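Participant: Here it is, the structure in full.
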Amino acid sequence: MALRTLASKKVLSFPFGGAGRPLAAAASARGVTTVTLPDLSYDFGALEPAISGEIMRLHHQKHHATYVANYNKALEQLETAVSKGDASAVVQLQAAIKFNGGGHVNHSIFWKNLKPISEGGGEPPHGKLGWAIDEDFGSFEALVKKMNAEGAALQGSGWVWLALDKEAKKVSVETTANQDPLVTKGASLVPLLGIDVWEHAYYLQYKNVRPDYLNNIWKVMNWKYAGEVYENVLA
């Protein structure tokens, strides 16, 4: 995943580790790494009619940009709290770091998961990932049906994922609430595809009919990228 990460200070190696790890990492931190908003590889309107240019512009320039800004702010505050030995402030900042950091991680994957139809978006998966989907779900159509059902049924805001368990070497459908990244469901899970089911991802175009958004997003899904991630992880 090509993220434009600005390493303005020393690296802080969290926040999405296992139980107890975020605080331990914070306690030993000597600096932070801020992040920047990644560029899109296509124009805002390139995914129409599946996703409108207006939605893409707002989603990228406003929503994702806000997660980036708030994550960086929280990391700066964390650095100050650690330097002062303020354990209470460190604990309080964990929620903001997880939410905004998760928002940045999830959206950075999401943009890579999309591709204009003219550039191959929507073409079904081939090769090893295609075979894995057939083996674990029965067919590509069955996978789409399951992800649509899981995404439509997700209460509130969140994400529906096609995940690879790199230990079991199986693909599965997972959901996460709010901006929780997939790794919070299991350290061995790697995101292949993520679909944002927050209302900001579809409401301006599809209103409250989330299933229509889910049905149409497959027309611009970048299965080539998902297949490359799958093969690289299992190489």
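Cβ from N, Cα, C; glycine included.
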Participant: According to Swiss-Prot, H59, D196, H200 bind Mn(2+); identify which of H107, H126 is listed for that same site.
Facilitator: H107
Participant: Using a 10 Å radius around each Cβ and counting other Cβ atoms from all shown chains, which of the binding-site residues H59, H107 yields the largest count?
Facilitator: H107
Participant: Starting from the Cβ centroid of H59, H107, D196, H200, which together make up the recorded Mn(2+) site, report each further residue of the same chain whose Cβ lies within 8 Å of that point, ordered by sequence.
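Facilitator: The answer, listed by sequence position, is H60, H63, H64, F110, W198, A201.
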Participant: Let me know how many other Cβ atoms fall within 10 Å of the Cβ of D196 (Mn(2+) binding site).
Facilitator: 24
Participant: In sequence order, which same-chain residues at least six apart have a C-beta under 8 angstroms from H200 (Mn(2+) binding site)?
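Facilitator: Set apart from H200 (Mn(2+) binding site) by at least 6 residues yet with Cβ under 8 Å, we have L58, H59, H63.
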